[in-house]
Amino acid sequence: KGGSLSDGVIKKILLSYTYVAIWIFLSFTVIVYNKYILDKKMYNWPFPISLTMIHMSFCATLAFLLIKVFKVVEPVSMSRELYLSSVVPIGALYSLSLWLSNSAYIYLSVSFIQMLKALMPVAVYSIGVLFKKEGFKTDTMANMLSISLGVAIAAYGEAKFDTWGVMLQLGAVAFEATRLVMIQILLTSKGITLNPITSLYYVAPCCFVFLLVPWIFVELPVLKETSSFHFDFVIFGTNSLCAFALNLAVFLLVGKTSALTMNVAGVVKDWLLIAFSWSVIKDTVTPINLFGYGLAFLGVAYYNHSKLQALKAKEAQKKAAQADEEGGRLLEERESEGTDKKSESQN
């Protein structure tokens, strides 16, 4: 009353901000933690495939316990054909995305990696158009080009530019974007929705198997020679626990708010990481870096705004259709009642 917010609305707003804060904190922690472990100047354990496999085995074990032993979550019924045709390709793409993104931390700064991640909407939209899940629009493509231009300027201004590191991160973005589109095509279209625990239950073992092959040839021989290394359960245990918690936080954020909220929160997280990288890790951030990322940021913000407007228009259209349907049904009922009354009076 009097224009003031009700207690229920205030509680909902506070909860939404809490979910956003939890996701930003966990995402921030996992990124910085992975950088700490993989960077040769810090913990100095440059084995991204091994780290990803540790994450996957930890997540798969926890998911198995929560579903099969403690029965916290109901498993999703899935046939072998569906698993092979849908989950396996998604697992392969996810393993490649994680492998390449973790590898990039060895060569690039945290701040520059976040700038390159601004290309995710570009990759998702382009692959969506390629697979005919998105319609080609000239204004959207112009927006994608502005984001790409901004990232290109940021890359031009990067003080410690590493070509191999950039290729790894761009590959990670491409595989992750393809995975997101494949989830729509292979699972959502079949009416299957997986929460983080069930998705890890099915996808994590698949990722582990896919990573096992390159690990045997690339990292295992080097690890055998590194006889001085001792597995630190505290470091890798807490790191894996953060990765698992992040998966739950994603579900919490998207489930209680929306995917669009996560995109907006992701932009806030990126700016925080850039500031942290510059002030604490002492990464070099140049004015050209910031100008380029600022341009890309505006493009991403406009893209998110356009998606929000499209969602609102779709929701309004849906409500209008429901109202028309309801009105038509009421009219039919009234006409039917009028016919019945006329029939009774004639009798």
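The count begins at 1 with the first shown residue.
Backbone N, Cα and C define each Cβ position, glycine as well.
What TrEMBL annotates here:
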- 12-33: transmembrane segment (TRANSMEM)
- 18-304: domain 'Sugar phosphate transporter' (DOMAIN)
- 45-70: transmembrane segment (TRANSMEM)
- 82-100: transmembrane segment (TRANSMEM)
- 106-128: transmembrane segment (TRANSMEM)
- 140-157: transmembrane segment (TRANSMEM)
- 163-187: transmembrane segment (TRANSMEM)
- 199-217: transmembrane segment (TRANSMEM)
- 229-253: transmembrane segment (TRANSMEM)
- 260-281: transmembrane segment (TRANSMEM)
- 287-304: transmembrane segment (TRANSMEM)
- 321-347: region 'Disordered' (REGION)
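Between the transmembrane segment (45-70) and the stretches 82-100, 163-187, 229-253, Cβ pairs under 8 Å are most numerous for 229-253. Model confidence over the domain 'Sugar phosphate transporter' (18-304) is summarised by a mean pLDDT of 91.
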